[in-house]
(Lines of atoms letter the chains of each structure in order from A; the text may use other names.)
(Lines give C-alpha, C1' and ligand atoms only; values in the text may rest on other atoms or scores of the structure.)
Protein backbone atom coordinates (compact mmCIF):
# COMPACT_ATOMS: atom_id res chain seq x y z
CA UNK A 1 0.00 0.00 0.00
CA UNK A 2 1.42 3.35 -0.97
CA UNK A 3 0.16 4.91 2.26
CA UNK A 4 2.22 2.50 4.28
CA UNK A 5 5.43 3.33 2.47
CA UNK A 6 4.87 6.98 3.08
CA UNK A 7 4.10 6.76 6.77
CA UNK A 8 6.79 4.19 7.42
CA UNK A 9 9.35 6.98 7.55
CA UNK A 10 12.00 7.87 5.01
CA UNK A 11 14.13 4.94 3.86
CA UNK A 12 17.92 5.44 3.83
CA UNK A 13 17.98 7.02 0.38
CA UNK A 14 17.45 10.32 2.12
CA UNK A 15 17.56 13.73 0.45
CA UNK A 16 16.35 13.45 -3.13
CA UNK A 17 13.63 10.87 -2.54
CA UNK A 18 12.36 12.81 0.38
CA UNK A 19 12.16 16.01 -1.60
CA UNK A 20 10.34 14.24 -4.40
CA UNK A 21 7.92 12.70 -1.93
CA UNK A 22 7.01 15.95 -0.32
CA UNK A 23 6.53 17.56 -3.69
CA UNK A 24 4.29 14.68 -4.72
CA UNK A 25 2.52 14.85 -1.42
CA UNK A 26 1.99 18.54 -1.96
CA UNK A 27 0.48 17.97 -5.39
CA UNK A 28 -1.91 15.44 -3.88
CA UNK A 29 -3.95 18.46 -2.89
CA UNK A 30 -4.91 18.85 -6.52
CA UNK A 31 -5.72 15.17 -6.73
CA UNK A 32 -8.04 15.60 -3.77
CA UNK A 33 -9.67 18.65 -5.31
CA UNK A 34 -10.33 16.76 -8.55
CA UNK A 35 -11.54 13.59 -6.84
CA UNK A 36 -13.76 15.44 -4.41
CA UNK A 37 -15.33 17.44 -7.23
CA UNK A 38 -15.89 14.28 -9.26
CA UNK A 39 -17.19 12.45 -6.20
CA UNK A 40 -19.62 15.26 -5.52
CA UNK A 41 -21.02 14.95 -9.04
CA UNK A 42 -21.34 11.20 -8.54
CA UNK A 43 -23.28 11.44 -5.26
CA UNK A 44 -25.27 14.56 -6.05
CA UNK A 45 -28.20 12.64 -7.61
CA UNK A 46 -28.49 10.50 -4.48
CA UNK A 47 -28.46 13.54 -2.23
CA UNK A 48 -30.95 15.33 -4.46
CA UNK A 49 -33.20 12.29 -4.43
CA UNK A 50 -33.16 12.15 -0.65
CA UNK A 51 -33.85 15.89 -0.37
CA UNK A 52 -36.72 15.90 -2.87
CA UNK A 53 -38.21 12.84 -1.18
CA UNK A 54 -38.56 15.02 1.91
CA UNK A 55 -39.92 18.11 0.12
CA UNK A 56 -43.38 19.18 -0.98
CA UNK A 57 -44.37 18.91 -4.63
CA UNK A 58 -44.48 22.70 -4.82
CA UNK A 59 -40.88 22.90 -3.63
CA UNK A 60 -39.80 20.28 -6.17
CA UNK A 61 -41.34 22.29 -9.00
CA UNK A 62 -40.12 25.70 -7.92
CA UNK A 63 -37.62 27.80 -9.86
CA UNK A 64 -35.00 28.58 -8.57
CA UNK A 65 -34.75 25.19 -6.89
CA UNK A 66 -35.27 24.83 -3.15
CA UNK A 67 -32.15 23.10 -1.85
CA UNK A 68 -33.25 22.53 1.72
CA UNK A 69 -36.92 21.71 2.20
CA UNK A 70 -37.05 23.28 5.67
CA UNK A 71 -39.75 21.21 7.29
CA UNK A 72 -39.02 17.61 6.31
CA UNK A 73 -42.02 15.87 4.78
CA UNK A 74 -41.77 12.39 6.24
CA UNK A 75 -45.37 11.91 5.20
CA UNK A 76 -44.16 11.27 1.64
CA UNK A 77 -42.79 7.96 2.83
CA UNK A 78 -46.09 7.00 4.44
CA UNK A 79 -47.82 7.84 1.15
CA UNK A 80 -45.61 5.36 -0.71
CA UNK A 81 -47.39 2.53 1.06
CA UNK A 82 -50.79 3.96 0.17
CA UNK A 83 -50.11 4.69 -3.50
CA UNK A 84 -47.97 1.68 -4.45
CA UNK A 85 -48.31 -1.95 -3.37
CA UNK A 86 -44.85 -1.35 -1.96
CA UNK A 87 -44.76 -4.13 0.61
CA UNK A 88 -45.92 -6.75 -1.88
CA UNK A 89 -43.34 -5.54 -4.41
CA UNK A 90 -40.66 -5.51 -1.78
CA UNK A 91 -41.57 -9.07 -0.87
CA UNK A 92 -41.38 -10.14 -4.52
CA UNK A 93 -37.95 -8.52 -4.84
CA UNK A 94 -36.68 -10.27 -1.73
CA UNK A 95 -38.15 -13.62 -2.79
CA UNK A 96 -36.75 -13.66 -6.31
CA UNK A 97 -33.38 -12.49 -5.03
CA UNK A 98 -33.22 -15.24 -2.40
CA UNK A 99 -34.46 -17.98 -4.74
CA UNK A 100 -32.04 -17.05 -7.51
CA UNK A 101 -29.07 -16.58 -5.20
CA UNK A 102 -29.54 -19.82 -3.27
CA UNK A 103 -30.27 -21.67 -6.50
CA UNK A 104 -27.16 -20.35 -8.21
CA UNK A 105 -24.91 -20.99 -5.25
CA UNK A 106 -25.99 -24.63 -5.10
CA UNK A 107 -26.21 -25.40 -8.82
CA UNK A 108 -23.24 -23.37 -10.05
CA UNK A 109 -20.87 -24.63 -7.39
CA UNK A 110 -21.86 -28.26 -8.06
CA UNK A 111 -21.60 -27.96 -11.83
CA UNK A 112 -18.45 -25.85 -11.58
CA UNK A 113 -16.86 -28.46 -9.34
CA UNK A 114 -17.73 -31.31 -11.69
CA UNK A 115 -16.45 -29.46 -14.76
CA UNK A 116 -13.24 -28.54 -12.98
CA UNK A 117 -12.34 -31.75 -11.21
CA UNK A 118 -14.29 -34.73 -12.45
CA UNK A 119 -13.86 -36.84 -15.53
CA UNK A 120 -16.90 -37.85 -17.50
CA UNK A 121 -17.88 -38.46 -21.09
CA UNK A 122 -18.69 -35.38 -23.18
CA UNK A 123 -17.35 -33.07 -20.49
CA UNK A 124 -15.70 -30.73 -22.97
CA UNK A 125 -18.77 -30.59 -25.18
CA UNK A 126 -21.19 -29.96 -22.31
CA UNK A 127 -18.95 -27.23 -20.94
CA UNK A 128 -18.74 -25.57 -24.34
CA UNK A 129 -22.54 -25.68 -24.60
CA UNK A 130 -22.95 -24.01 -21.20
CA UNK A 131 -20.35 -21.35 -21.89
CA UNK A 132 -21.74 -20.59 -25.34
CA UNK A 133 -24.70 -18.90 -23.63
CA UNK A 134 -22.33 -16.22 -22.35
CA UNK A 135 -21.96 -14.90 -25.89
CA UNK A 136 -25.68 -14.67 -26.57
CA UNK A 137 -27.65 -11.50 -25.76
CA UNK A 138 -30.69 -12.25 -23.59
CA UNK A 139 -33.18 -11.13 -26.27
CA UNK A 140 -32.42 -14.31 -28.16
CA UNK A 141 -33.99 -16.51 -25.47
CA UNK A 142 -36.59 -14.19 -23.89
CA UNK A 143 -39.55 -15.08 -26.14
CA UNK A 144 -39.32 -18.88 -25.60
CA UNK A 145 -38.67 -18.31 -21.89
CA UNK A 146 -41.87 -16.30 -21.76
CA UNK A 147 -43.69 -19.15 -23.49
CA UNK A 148 -42.41 -21.66 -20.94
CA UNK A 149 -43.39 -19.52 -17.96
CA UNK A 150 -46.75 -18.75 -19.54
CA UNK A 151 -47.32 -22.42 -20.33
CA UNK A 152 -46.65 -23.38 -16.73
CA UNK A 153 -49.17 -20.77 -15.59
CA UNK A 154 -46.38 -18.93 -13.80
CA UNK A 155 -47.04 -15.40 -15.05
CA UNK A 156 -47.25 -12.98 -12.14
CA UNK A 157 -45.61 -15.43 -9.76
CA UNK A 158 -42.30 -15.40 -7.93
CA UNK A 159 -41.49 -18.78 -9.48
CA UNK A 160 -41.96 -17.38 -12.97
CA UNK A 161 -39.76 -14.35 -12.39
CA UNK A 162 -37.04 -16.30 -10.61
CA UNK A 163 -36.93 -19.53 -12.62
CA UNK A 164 -34.59 -18.87 -15.57
CA UNK A 165 -32.17 -16.94 -13.35
CA UNK A 166 -31.54 -19.94 -11.11
CA UNK A 167 -29.29 -21.32 -13.81
CA UNK A 168 -26.22 -19.38 -14.73
CA UNK A 169 -23.48 -20.10 -17.22
CA UNK A 170 -21.49 -17.26 -15.78
CA UNK A 171 -21.78 -18.57 -12.21
CA UNK A 172 -20.77 -22.03 -13.37
CA UNK A 173 -17.75 -20.54 -15.11
CA UNK A 174 -16.80 -18.49 -12.03
CA UNK A 175 -16.97 -21.50 -9.71
CA UNK A 176 -15.19 -23.75 -12.18
CA UNK A 177 -12.30 -21.29 -12.36
CA UNK A 178 -12.02 -21.39 -8.60
CA UNK A 179 -12.15 -25.18 -8.22
CA UNK A 180 -9.49 -25.60 -10.90
CA UNK A 181 -7.01 -23.84 -8.66
CA UNK A 182 -7.52 -25.97 -5.55
CA UNK A 183 -4.59 -28.31 -4.88
CA UNK A 184 -5.30 -31.95 -5.48
CA UNK A 185 -3.84 -33.16 -2.22
CA UNK A 186 -6.77 -32.02 -0.07
CA UNK A 187 -9.24 -33.91 -2.17
CA UNK A 188 -7.09 -37.05 -2.25
CA UNK A 189 -6.72 -37.06 1.51
CA UNK A 190 -10.47 -36.97 1.99
CA UNK A 191 -10.85 -39.70 -0.59
CA UNK A 192 -8.41 -41.91 1.28
CA UNK A 193 -10.52 -41.44 4.39
CA UNK A 194 -13.37 -43.01 2.45
CA UNK A 195 -15.43 -39.93 1.67
CA UNK A 196 -17.55 -40.09 -1.48
CA UNK A 197 -17.35 -37.27 -4.05
CA UNK A 198 -20.36 -35.49 -2.60
CA UNK A 199 -18.87 -35.54 0.89
CA UNK A 200 -15.56 -34.28 -0.50
CA UNK A 201 -17.39 -31.49 -2.24
CA UNK A 202 -19.39 -30.41 0.80
CA UNK A 203 -16.78 -30.91 3.52
CA UNK A 204 -13.53 -30.07 1.76
CA UNK A 205 -14.19 -27.98 -1.32
CA UNK A 206 -17.08 -25.72 -0.35
CA UNK A 207 -15.43 -24.38 2.81
CA UNK A 208 -12.50 -23.29 0.64
CA UNK A 209 -14.74 -21.59 -1.88
CA UNK A 210 -15.94 -18.84 0.47
CA UNK A 211 -14.57 -15.84 -1.48
CA UNK A 212 -15.86 -17.12 -4.82
CA UNK A 213 -19.27 -17.96 -3.38
CA UNK A 214 -19.27 -14.48 -1.88
CA UNK A 215 -18.54 -12.89 -5.25
CA UNK A 216 -21.26 -14.97 -6.89
CA UNK A 217 -23.72 -13.96 -4.15
CA UNK A 218 -22.95 -10.27 -4.63
CA UNK A 219 -23.36 -10.44 -8.39
CA UNK A 220 -26.60 -12.41 -8.25
CA UNK A 221 -28.14 -10.25 -5.52
CA UNK A 222 -27.29 -7.05 -7.38
CA UNK A 223 -28.59 -8.31 -10.70
CA UNK A 224 -31.76 -9.84 -9.22
CA UNK A 225 -32.66 -6.77 -7.23
CA UNK A 226 -32.06 -4.33 -10.09
CA UNK A 227 -33.22 -6.36 -13.10
CA UNK A 228 -36.08 -4.79 -15.07
CA UNK A 229 -36.67 -6.36 -18.48
CA UNK A 230 -37.57 -9.95 -17.54
CA UNK A 231 -39.86 -9.05 -14.59
CA UNK A 232 -41.60 -6.54 -16.86
CA UNK A 233 -42.26 -9.31 -19.38
CA UNK A 234 -43.69 -11.91 -17.00
CA UNK A 235 -45.56 -9.73 -14.52
CA UNK A 236 -48.49 -7.57 -15.47
CA UNK A 237 -50.06 -6.79 -12.11
CA UNK A 238 -48.36 -4.17 -9.95
CA UNK A 239 -48.55 -6.24 -6.78
CA UNK A 240 -46.73 -9.20 -8.33
CA UNK A 241 -43.84 -7.15 -9.72
CA UNK A 242 -40.49 -6.68 -8.04
CA UNK A 243 -39.61 -3.12 -7.04
CA UNK A 244 -37.55 -2.32 -10.14
CA UNK A 245 -40.51 -2.99 -12.42
CA UNK A 246 -43.05 -1.60 -9.94
CA UNK A 247 -41.36 1.78 -9.74
CA UNK A 248 -40.97 2.08 -13.48
CA UNK A 249 -44.65 1.21 -13.92
CA UNK A 250 -45.76 3.66 -11.25
CA UNK A 251 -43.70 6.38 -12.86
CA UNK A 252 -45.32 5.56 -16.20
CA UNK A 253 -48.81 6.01 -14.74
CA UNK A 254 -48.33 9.18 -12.72
CA UNK A 255 -45.98 11.86 -13.86
CA UNK A 256 -46.68 14.55 -11.31
CA UNK A 257 -46.41 12.82 -7.96
CA UNK A 258 -42.69 13.58 -7.74
CA UNK A 259 -42.15 13.43 -4.03
CA UNK A 260 -43.83 10.03 -3.57
CA UNK A 261 -41.90 8.73 -6.57
CA UNK A 262 -38.63 9.88 -4.99
CA UNK A 263 -39.53 8.38 -1.62
CA UNK A 264 -40.41 5.07 -3.25
CA UNK A 265 -37.13 5.08 -5.20
CA UNK A 266 -35.13 5.81 -2.07
CA UNK A 267 -36.80 2.92 -0.25
CA UNK A 268 -36.26 0.58 -3.21
CA UNK A 269 -32.55 1.35 -3.48
CA UNK A 270 -31.82 1.61 0.21
CA UNK A 271 -31.28 -2.08 1.09
CA UNK A 272 -28.68 -2.61 -1.62
CA UNK A 273 -26.93 0.71 -1.06
CA UNK A 274 -26.72 0.08 2.70
CA UNK A 275 -25.33 -3.40 2.09
CA UNK A 276 -22.83 -1.91 -0.32
CA UNK A 277 -21.64 0.77 2.07
CA UNK A 278 -21.27 -1.77 4.88
CA UNK A 279 -19.45 -4.35 2.78
CA UNK A 280 -17.84 -2.04 0.23
CA UNK A 281 -14.44 -3.76 0.10
CA UNK A 282 -15.91 -7.19 -0.53
CA UNK A 283 -18.44 -5.93 -3.06
CA UNK A 284 -15.86 -3.99 -5.06
CA UNK A 285 -13.31 -6.81 -4.96
CA UNK A 286 -15.93 -9.39 -5.81
CA UNK A 287 -17.14 -7.45 -8.82
CA UNK A 288 -13.64 -6.59 -9.94
CA UNK A 289 -12.63 -10.25 -9.87
CA UNK A 290 -15.61 -11.51 -11.74
CA UNK A 291 -15.78 -8.56 -14.07
CA UNK A 292 -19.47 -8.70 -14.85
CA UNK A 293 -22.68 -7.55 -13.28
CA UNK B 1 -13.23 -13.07 -18.72
CA UNK B 2 -10.12 -12.28 -20.67
CA UNK B 3 -7.87 -13.45 -17.88
CA UNK B 4 -8.68 -17.10 -17.98
CA UNK B 5 -6.77 -19.08 -15.42
CA UNK B 6 -4.21 -20.93 -17.43
CA UNK B 7 -2.58 -22.85 -14.63
CA UNK B 8 -2.51 -26.55 -15.39
CA UNK B 9 -5.09 -28.57 -13.62
CA UNK B 10 -3.68 -29.72 -10.35
CA UNK B 11 -3.40 -33.45 -10.33
CA UNK B 12 -3.18 -33.89 -14.06
CA UNK B 13 -0.45 -36.32 -14.81
CA UNK B 14 -0.24 -37.49 -11.24
CA UNK B 15 -0.69 -41.21 -11.52
CA UNK B 16 -2.75 -42.61 -8.73
CA UNK B 17 -4.51 -45.92 -8.62
CA UNK B 18 -8.26 -45.90 -8.84
CA UNK B 19 -9.83 -45.91 -5.45
CA UNK B 20 -11.59 -49.14 -4.80
CA UNK B 21 -13.74 -47.58 -2.10
CA UNK B 22 -15.87 -45.50 -4.46
CA UNK B 23 -18.80 -47.20 -6.14
CA UNK B 24 -17.75 -47.14 -9.74
CA UNK B 25 -19.74 -48.89 -12.40
CA UNK B 26 -17.70 -49.33 -15.56
CA UNK B 27 -19.24 -46.27 -17.16
CA UNK B 28 -17.30 -43.06 -17.78
CA UNK B 29 -14.25 -44.79 -19.17
CA UNK B 30 -13.42 -41.77 -21.29
CA UNK B 31 -9.85 -40.68 -21.66
CA UNK B 32 -7.39 -42.96 -23.36
CA UNK B 33 -4.74 -45.05 -21.71
CA UNK B 34 -2.23 -42.21 -22.01
CA UNK B 35 -4.25 -40.01 -19.73
CA UNK B 36 -3.58 -41.40 -16.31
CA UNK B 37 -6.88 -41.46 -14.52
CA UNK B 38 -6.99 -40.11 -11.04
CA UNK B 39 -10.04 -42.07 -10.05
CA UNK B 40 -13.37 -43.35 -11.18
CA UNK B 41 -16.09 -40.78 -10.74
CA UNK B 42 -18.83 -43.18 -11.71
CA UNK B 43 -22.27 -41.66 -11.76
CA UNK B 44 -21.39 -38.79 -9.46
CA UNK B 45 -20.77 -36.26 -12.26
CA UNK B 46 -24.33 -36.82 -13.42
CA UNK B 47 -25.64 -35.77 -10.03
CA UNK B 48 -23.45 -32.66 -10.06
CA UNK B 49 -23.99 -31.52 -13.63
CA UNK B 50 -27.45 -32.73 -14.55
CA UNK B 51 -29.51 -30.01 -12.77
CA UNK B 52 -27.52 -27.24 -14.43
CA UNK B 53 -27.54 -28.97 -17.82
CA UNK B 54 -31.31 -29.45 -17.71
CA UNK B 55 -31.89 -25.80 -16.76
CA UNK B 56 -29.45 -24.54 -19.36
CA UNK B 57 -30.98 -26.64 -22.13
CA UNK B 58 -34.60 -25.85 -21.20
CA UNK B 59 -34.22 -22.15 -20.50
CA UNK B 60 -31.34 -21.14 -22.74
CA UNK B 61 -30.05 -23.48 -25.42
CA UNK B 62 -33.33 -24.77 -26.81
CA UNK B 63 -34.86 -21.26 -26.67
CA UNK B 64 -31.97 -19.98 -28.77
CA UNK B 65 -32.81 -22.57 -31.42
CA UNK B 66 -36.51 -21.74 -31.12
CA UNK B 67 -35.93 -18.01 -31.57
CA UNK B 68 -33.95 -18.79 -34.69
CA UNK B 69 -36.94 -20.72 -36.00
CA UNK B 70 -39.47 -18.12 -34.84
CA UNK B 71 -37.66 -15.44 -36.81
CA UNK B 72 -38.94 -17.16 -39.97
CA UNK B 73 -42.54 -17.35 -38.76
CA UNK B 74 -45.55 -15.16 -38.24
CA UNK B 75 -47.62 -15.48 -35.07
CA UNK B 76 -51.38 -15.69 -35.20
CA UNK B 77 -53.47 -13.65 -32.81
CA UNK B 78 -54.42 -16.78 -30.90
CA UNK B 79 -51.10 -18.61 -31.01
CA UNK B 80 -49.69 -20.85 -33.68
CA UNK B 81 -46.91 -19.95 -36.07
CA UNK B 82 -46.84 -20.07 -39.82
CA UNK B 83 -43.64 -20.27 -41.80
CA UNK B 84 -43.10 -17.09 -43.79
CA UNK B 85 -39.52 -17.55 -44.93
CA UNK B 86 -37.36 -14.46 -44.81
CA UNK B 87 -40.32 -12.09 -44.73
CA UNK B 88 -39.52 -10.78 -41.22
CA UNK B 89 -35.96 -9.99 -42.20
CA UNK B 90 -37.05 -8.23 -45.37
CA UNK B 91 -39.55 -6.20 -43.39
CA UNK B 92 -36.89 -5.41 -40.82
CA UNK B 93 -34.42 -4.27 -43.45
CA UNK B 94 -37.02 -1.81 -44.75
CA UNK B 95 -38.07 -0.65 -41.29
CA UNK B 96 -36.65 2.82 -40.55
CA UNK B 97 -36.94 2.02 -36.81
CA UNK B 98 -34.13 -0.52 -37.10
CA UNK B 99 -31.70 2.04 -38.45
CA UNK B 100 -32.72 4.52 -35.76
CA UNK B 101 -32.29 1.92 -33.04
CA UNK B 102 -28.87 0.86 -34.33
CA UNK B 103 -27.66 4.45 -34.52
CA UNK B 104 -29.06 5.28 -31.07
CA UNK B 105 -27.45 2.23 -29.54
CA UNK B 106 -24.11 3.10 -31.13
CA UNK B 107 -24.29 6.74 -30.02
CA UNK B 108 -25.18 5.66 -26.49
CA UNK B 109 -22.30 3.17 -26.41
CA UNK B 110 -19.88 5.76 -27.77
CA UNK B 111 -20.83 8.33 -25.14
CA UNK B 112 -20.59 5.76 -22.33
CA UNK B 113 -17.15 4.77 -23.67
CA UNK B 114 -16.03 8.37 -23.04
CA UNK B 115 -16.14 7.35 -19.39
CA UNK B 116 -13.02 5.21 -19.85
CA UNK B 117 -10.56 8.11 -20.24
CA UNK B 118 -12.27 9.80 -17.28
CA UNK B 119 -11.93 6.60 -15.30
CA UNK B 120 -8.24 6.43 -16.22
CA UNK B 121 -7.70 9.87 -14.72
CA UNK B 122 -9.64 8.94 -11.58
CA UNK B 123 -7.84 5.61 -11.21
CA UNK B 124 -4.40 7.17 -11.59
CA UNK B 125 -5.27 9.91 -9.10
CA UNK B 126 -6.42 7.24 -6.64
CA UNK B 127 -3.18 5.30 -7.03
CA UNK B 128 -0.87 8.25 -6.37
CA UNK B 129 1.64 7.54 -3.63
CA UNK B 130 0.55 8.86 -0.28
CA UNK B 131 -3.04 9.29 -1.42
CA UNK B 132 -5.51 9.14 1.45
CA UNK B 133 -9.27 8.52 1.70
CA UNK B 134 -9.09 6.25 -1.35
CA UNK B 135 -11.68 3.84 0.09
CA UNK B 136 -14.05 6.77 0.55
CA UNK B 137 -13.60 7.99 -3.03
CA UNK B 138 -14.05 4.49 -4.37
CA UNK B 139 -17.41 4.23 -2.61
CA UNK B 140 -18.52 7.57 -4.08
CA UNK B 141 -17.61 6.59 -7.61
CA UNK B 142 -18.97 3.08 -7.33
CA UNK B 143 -22.35 3.87 -5.78
CA UNK B 144 -24.17 4.57 -9.08
CA UNK B 145 -23.04 1.17 -10.38
CA UNK B 146 -24.79 -0.78 -7.63
CA UNK B 147 -27.89 1.43 -7.39
CA UNK B 148 -31.13 0.26 -9.00
CA UNK B 149 -31.26 1.86 -12.48
CA UNK B 150 -35.02 2.42 -12.46
CA UNK B 151 -34.83 4.13 -9.07
CA UNK B 152 -31.96 6.48 -9.92
CA UNK B 153 -33.62 7.25 -13.25
CA UNK B 154 -36.46 8.87 -11.27
CA UNK B 155 -34.23 11.58 -9.84
CA UNK B 156 -32.51 12.10 -13.18
CA UNK B 157 -35.95 12.77 -14.64
CA UNK B 158 -36.26 15.63 -12.17
CA UNK B 159 -32.74 16.89 -12.82
CA UNK B 160 -33.38 16.88 -16.58
CA UNK B 161 -36.88 18.37 -16.34
CA UNK B 162 -37.33 21.15 -18.86
CA UNK B 163 -39.37 23.47 -16.67
CA UNK B 164 -37.94 23.16 -13.18
CA UNK B 165 -34.96 20.82 -13.50
CA UNK B 166 -31.82 21.83 -11.67
CA UNK B 167 -29.71 21.30 -14.81
CA UNK B 168 -31.62 23.91 -16.79
CA UNK B 169 -31.49 26.24 -13.80
CA UNK B 170 -27.68 25.90 -13.78
CA UNK B 171 -27.55 26.41 -17.54
CA UNK B 172 -29.78 29.46 -17.10
CA UNK B 173 -27.20 30.96 -14.75
CA UNK B 174 -24.76 31.08 -17.67
CA UNK B 175 -27.40 32.28 -20.08
CA UNK B 176 -28.30 29.02 -21.80
CA UNK B 177 -31.94 28.12 -22.30
CA UNK B 178 -31.97 24.34 -21.80
CA UNK B 179 -34.43 22.04 -23.60
CA UNK B 180 -36.90 19.58 -22.12
CA UNK B 181 -34.14 17.00 -22.06
CA UNK B 182 -36.00 13.73 -21.74
CA UNK B 183 -38.78 14.51 -24.21
CA UNK B 184 -36.87 16.15 -27.07
CA UNK B 185 -35.41 13.77 -29.66
CA UNK B 186 -31.64 14.02 -29.75
CA UNK B 187 -31.36 15.64 -26.37
CA UNK B 188 -33.14 12.66 -24.83
CA UNK B 189 -30.48 10.28 -26.13
CA UNK B 190 -27.75 12.52 -24.73
CA UNK B 191 -29.52 12.58 -21.37
CA UNK B 192 -29.84 8.79 -21.27
CA UNK B 193 -26.18 8.41 -22.30
CA UNK B 194 -24.97 10.79 -19.61
CA UNK B 195 -26.80 8.73 -16.98
CA UNK B 196 -25.33 5.59 -18.55
CA UNK B 197 -21.85 7.06 -18.27
CA UNK B 198 -22.54 8.02 -14.67
CA UNK B 199 -23.65 4.50 -13.74
CA UNK B 200 -20.77 2.67 -15.43
CA UNK B 201 -17.88 4.97 -14.54
CA UNK B 202 -17.24 3.29 -11.17
CA UNK B 203 -16.81 -0.11 -12.77
CA UNK B 204 -14.13 1.19 -15.12
CA UNK B 205 -12.40 2.94 -12.21
CA UNK B 206 -12.25 -0.29 -10.22
CA UNK B 207 -10.93 -2.41 -13.08
CA UNK B 208 -8.35 0.18 -14.12
CA UNK B 209 -7.24 0.66 -10.50
CA UNK B 210 -6.64 -3.07 -10.26
CA UNK B 211 -4.68 -2.86 -13.52
CA UNK B 212 -2.52 -0.06 -12.13
CA UNK B 213 -1.88 -2.00 -8.95
CA UNK B 214 -0.61 -4.94 -10.99
CA UNK B 215 2.16 -2.95 -12.64
CA UNK B 216 5.35 -4.03 -10.86
CA UNK B 217 6.96 -1.04 -9.10
CA UNK B 218 10.40 -2.28 -10.20
CA UNK B 219 9.55 -1.13 -13.72
CA UNK B 220 9.17 2.43 -12.50
CA UNK B 221 12.36 2.14 -10.47
CA UNK B 222 14.22 0.84 -13.50
CA UNK B 223 12.76 3.58 -15.67
CA UNK B 224 13.73 6.33 -13.23
CA UNK B 225 17.23 4.85 -12.91
CA UNK B 226 17.44 5.22 -16.67
CA UNK B 227 16.51 8.84 -16.20
CA UNK B 228 12.94 8.67 -17.50
CA UNK B 229 10.76 11.63 -16.56
CA UNK B 230 7.35 11.16 -14.94
CA UNK B 231 5.64 11.77 -18.27
CA UNK B 232 7.95 9.35 -20.04
CA UNK B 233 7.26 6.74 -17.35
CA UNK B 234 3.54 7.23 -17.80
CA UNK B 235 3.83 6.83 -21.58
CA UNK B 236 6.26 3.94 -21.64
CA UNK B 237 5.28 1.98 -18.55
CA UNK B 238 1.79 2.87 -17.37
CA UNK B 239 -0.04 3.15 -20.69
CA UNK B 240 1.21 -0.05 -22.35
CA UNK B 241 0.80 -2.14 -19.21
CA UNK B 242 -2.69 -0.80 -18.65
CA UNK B 243 -3.94 -1.64 -22.15
CA UNK B 244 -5.18 -5.14 -21.20
CA UNK B 245 -7.41 -3.61 -18.51
CA UNK B 246 -8.59 -0.91 -20.90
CA UNK B 247 -9.40 -3.58 -23.45
CA UNK B 248 -11.38 -5.59 -20.91
CA UNK B 249 -13.37 -2.55 -19.79
CA UNK B 250 -14.02 -1.58 -23.40
CA UNK B 251 -15.39 -5.01 -24.31
CA UNK B 252 -17.65 -5.12 -21.25
CA UNK B 253 -18.83 -1.53 -21.78
CA UNK B 254 -19.72 -2.20 -25.41
CA UNK B 255 -21.59 -5.41 -24.54
CA UNK B 256 -23.52 -3.59 -21.81
CA UNK B 257 -24.07 -0.61 -24.09
CA UNK B 258 -25.82 -2.81 -26.60
CA UNK B 259 -28.15 -3.97 -23.83
CA UNK B 260 -29.45 -0.45 -23.18
CA UNK B 261 -33.00 -0.77 -21.92
CA UNK B 262 -33.55 -0.09 -18.19
CA UNK B 263 -32.34 3.49 -18.18
CA UNK B 264 -34.12 4.36 -21.41
CA UNK B 265 -37.38 2.82 -20.22
CA UNK B 266 -37.26 4.37 -16.76
CA UNK B 267 -35.90 7.77 -17.74
CA UNK B 268 -38.27 8.40 -20.63
CA UNK B 269 -41.30 6.22 -20.07
CA UNK B 270 -43.42 4.47 -22.68
CA UNK B 271 -45.75 7.41 -23.17
CA UNK B 272 -42.88 9.74 -24.04
CA UNK B 273 -43.39 11.36 -27.47
CA UNK B 274 -39.66 11.12 -28.19
CA UNK B 275 -39.35 7.40 -27.42
CA UNK B 276 -39.63 6.26 -31.03
CA UNK B 277 -36.71 8.41 -32.14
CA UNK B 278 -34.71 7.49 -29.04
CA UNK B 279 -35.34 3.75 -28.78
CA UNK B 280 -32.49 1.29 -28.55
CA UNK B 281 -32.25 -2.13 -30.16
CA UNK B 282 -33.43 -3.89 -27.00
CA UNK B 283 -36.30 -1.46 -26.60
CA UNK B 284 -37.32 -2.11 -30.20
CA UNK B 285 -37.25 -5.84 -29.47
CA UNK B 286 -39.28 -5.47 -26.26
CA UNK B 287 -41.83 -3.26 -27.95
CA UNK B 288 -42.40 -5.61 -30.88
CA UNK B 289 -42.33 -8.82 -28.84
CA UNK B 290 -44.34 -7.93 -25.78
CA UNK B 291 -46.26 -4.72 -26.41
CA UNK B 292 -47.23 -5.16 -30.06
CA UNK B 293 -47.13 -8.94 -29.76
CA UNK B 294 -45.37 -9.41 -33.08
CA UNK B 295 -43.14 -12.20 -31.82
CA UNK B 296 -41.96 -13.52 -35.19
CA UNK B 297 -40.75 -10.07 -36.17
CA UNK B 298 -39.23 -9.56 -32.72
CA UNK B 299 -37.37 -12.87 -33.03
CA UNK B 300 -35.80 -11.52 -36.21
CA UNK B 301 -34.75 -8.40 -34.29
CA UNK B 302 -33.20 -10.63 -31.61
CA UNK B 303 -31.21 -12.49 -34.26
CA UNK B 304 -29.99 -9.19 -35.69
CA UNK B 305 -28.89 -8.08 -32.21
CA UNK B 306 -27.02 -11.37 -31.82
CA UNK B 307 -25.33 -10.81 -35.15
CA UNK B 308 -24.33 -7.21 -34.43
CA UNK B 309 -23.05 -7.92 -30.91
CA UNK B 310 -21.12 -10.94 -32.19
CA UNK B 311 -19.57 -8.97 -35.04
CA UNK B 312 -18.61 -6.03 -32.83
CA UNK B 313 -17.06 -8.30 -30.18
CA UNK B 314 -15.16 -10.26 -32.81
CA UNK B 315 -13.90 -7.02 -34.32
CA UNK B 316 -12.67 -5.85 -30.94
CA UNK B 317 -10.74 -9.05 -30.37
CA UNK B 318 -9.28 -8.80 -33.88
CA UNK B 319 -8.15 -5.25 -33.27
CA UNK B 320 -6.70 -5.89 -29.85
CA UNK B 321 -3.36 -6.98 -31.36
CA UNK B 322 -2.89 -3.49 -32.72
CA UNK B 323 -2.99 -1.72 -29.38
CA UNK B 324 -3.07 -4.13 -26.44
CA UNK B 325 0.29 -5.04 -24.91
CA UNK B 326 0.50 -8.26 -22.95
CA UNK B 327 3.50 -8.31 -20.70
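Note that Cβ sites are derived from N, Cα and C of the backbone, with glycine treated the same way.
TrEMBL tags one of the stretches B:165-186, B:187-208, B:209-230 as transmembrane segment, and that stretch is B:187-208.
Which of B:76-96, B:139-159 counts as transmembrane segment depends on TrEMBL, and there it is B:139-159.
Sequence-distant contacts of the transmembrane segment (B:297-317), counting only residues of its own chain at least 6 positions beyond either end whose CB sits under 8 Å from a CB of the stretch, comprise 67-68, 70-71, 73-74, 88-89, 91-92, 98, 102, 247, 250-251, 254-255, 258, 281-282, 284-285, 288-290. Count of Cβ pairs under 8 Å against the transmembrane segment (B:187-208): among B:106-127, B:139-159, B:241-261, the largest is for B:106-127.
Under 8 Å from some Cβ of the transmembrane segment (B:106-127) lie the Cβ atoms of residues 134, 137-138, 141, 189-190, 192-194, 196-197, 200-201, 204-205, 208-209, 211-213, 238, 242, 246, 249-250, 253-254, 256-258, 260, 280, all in the same chain and six or more residues away from its ends.
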